[in-house]
Amino acid sequence: MATFKVTLINEAEGTSNTIDVPDDEYILDAAEEQGYDLPFSCRAGACSTCAGKLVSGTVDQSDQSFLDDDQIEAGYVLTCVAYPTSDVTIQTHKEEDLY
């Protein structure tokens, strides 16, 4: 099992935090376990509350059912169903940018 560095950037609050996330754990779950408060609702990849945008790195979010191909190509990610597959930087709190 690999562990990756996941950097979570909240532009609105001007914060940036880096956490260690195993490749078999969702980013949202790991962030919560390490004391970070990220937005979420369904926890199933079926809404957009937890949406973020990839700045760098790669994730596996094959469990999600909400984002369309264009949104995925634009770098949007649902943190509740995203496993890191490399070191990753994500801008959090991006739900409004989807619409």
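Just so it is clear, glycine is given a Cβ too, placed from its N, Cα and C backbone atoms.
If you check Swiss-Prot, you get these features:
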BINDING   C42, C47, C50, C80  [2Fe-2S] cluster binding site
DOMAIN    4-96  domain '2Fe-2S ferredoxin-type'
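Under the three-state DSSP scheme, C47 ([2Fe-2S] cluster binding site) falls in the coil class. Taking the binding-site residues C42, C47, C50, C80 in turn and counting surrounding C-beta atoms within 10 angstroms, the largest count is reached at C50. Those residues of the chain, other than C42, C47, C50, C80, with a C-beta within 8 angstroms of the mean position of the [2Fe-2S] cluster site C-beta atoms are L28, F40, S41, R43, A44, G45, A46, S48, T49, F66, L78, V81.
Confidence in the domain '2Fe-2S ferredoxin-type' (4-96), given as mean pLDDT, stands at 97.
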